[in-house]
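In TrEMBL this protein carries:
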- 20-41: transmembrane segment (TRANSMEM)
- 21-234: domain 'Membrane insertase YidC/Oxa/ALB C-terminal' (DOMAIN)
- 86-107: transmembrane segment (TRANSMEM)
- 151-170: transmembrane segment (TRANSMEM)
- 195-220: transmembrane segment (TRANSMEM)
- 242-300: region 'Disordered' (REGION)
- 243-255: compositional bias 'Basic and acidic residues' (COMPBIAS)
- 285-300: compositional bias 'Basic residues' (COMPBIAS)
Amino acid sequence: MIGWHWLFAELLGIDHDGANWALSIIGLVIVIRTLLIPLFVRQIKSQRKMQLLQPQLRELQKKYKGDRERLQQEMMKLYKKTGTNPFASCLPILLQAPFLFSLFRVLDGIARDAPRGAFANESNEHLFVSAGQAKIFGAELAESFLTTEVTATRVMAVIMVIGMVVSQFITQRQIMRKNMPKEALEGPFAQQQKILLYVLPLVFLFSGVYFPLGTVLYWLTSNFWTMGQQLYVIRRMPAPGSDAEKAQQRRQAERAKRKGLTVAEPEAPKVEPGQQNGEAPERKQPKRMTRAERNKKKRK
């Protein structure tokens with residue numbers, strides 16, 4: 001974050017503490033989320049595997065309806081056999097958590113006039129003072145809704161927390177509505193996602209008032225990044241059988257039509273004589289040749 005501040009303040013010459021530190025936090029998000037792209041790809045693959053496993057999981061539920069322990073054992077066997085990890089989709093969030101809480105501690109230290117992290121270094125004392133004075137639209141980046149007495153900070157905190165919650169909800173809802181096949185919306189995994197769709201925004205809404213404004217800015221920016229990633233996946237790499245895949249096929253058909261091309265359709269199998277009405281074609285038996293006929297064929 002200090003590196004980004006140097007870029008904006010020294011290299012680009014932006015003479016505004018609030019703008020420099022706000023842009024530095026956004027830059028931190030860009031670096032971290034770029035590094036997490038391979039894990040995002042892995043997350044997508046894991047979600048696809050879970051969607052494909054839904055029919056088998058439903059069969060296990062029917063088979064072991066009264067035996068919850070046996071059901072869990074069989075589900076774990078299925079995950080192991082198919083190389084699926086139901087918790088792989090949580091990895092990007094879990095790996096971001098240390099950065100998020102580190103930022104929280106640093107900003108909380110600034111608000112309490114207690115330097116932490118890189119700010120504890122004497123050579124960065126001027127940066128510590130600069131961060132303590134950083135404001136955007138009159139709102140202090142190091143203060144939270146509960147710790148500040150400045151009205152502008154509280155108003156900005158409410159706006160940003162609501163934006164964070166709404167962006168989280170829209171992203172998850174888009175995934176469930178457009179990028180999941182109908183079969184995948186009926187299993188236990190889908191039920192968990194439906195619960196989280198409404199529970200997580202409430203958790204973020206109530207916890208957001210405790211976080212410094214800079215931390216909420218990080219969270220909000222990260223949510224917008226996630227939204228952009230998911231929109232790309234929904235449009236370019238839709239899940240098989242989902243509404244997004246059908247929309248992609250329609251777009252491809254329209255593009256082909258504009259170019260004067262036709263969408264290739266699978267050829268109908270050729271019907272042999274005697275195969276109408278579902279009858280199997282008559283098998284031709286090889287004709288047996290006499291020795292004289294075979295010798296005559298060899299001479300030719």
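Cβ coordinates come from backbone N, Cα and C, glycine included.
Remember, predicted model here, so these are calculated numbers, not experimental data.
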Practice prompt. Report, as numbers and ranges, every residue of the chain located at least six residues beyond the compositional bias 'Basic and acidic residues' (243-255) whose Cβ falls under 8 Å of a Cβ in that stretch; write 'none' if there are none.
Written response: 177-179, 234-236, 263
Worksheet item: Out of 20-41, 86-107, 151-170, which stretch touches the transmembrane segment (195-220) the most, going by CB pairs under 8 Å?
Response: 151-170
Discussion item. Six or more residues beyond either end and a Cβ under 8 Å away: which residues meet both conditions relative to the transmembrane segment (151-170)?
Written reply: 136-140, 143-145, 197, 200-201, 204-205, 208-209, 213, 216-217, 219-220, 223-224, 227
Response to the item:
Residue counts for the compositional bias 'Basic and acidic residues' (243-255) under DSSP, helix then strand then coil, are 13 helix, 0 strand, 0 coil
Fill in: Mean predicted confidence [pLDDT] for the domain 'Membrane insertase YidC/Oxa/ALB C-terminal' (21-234)
83
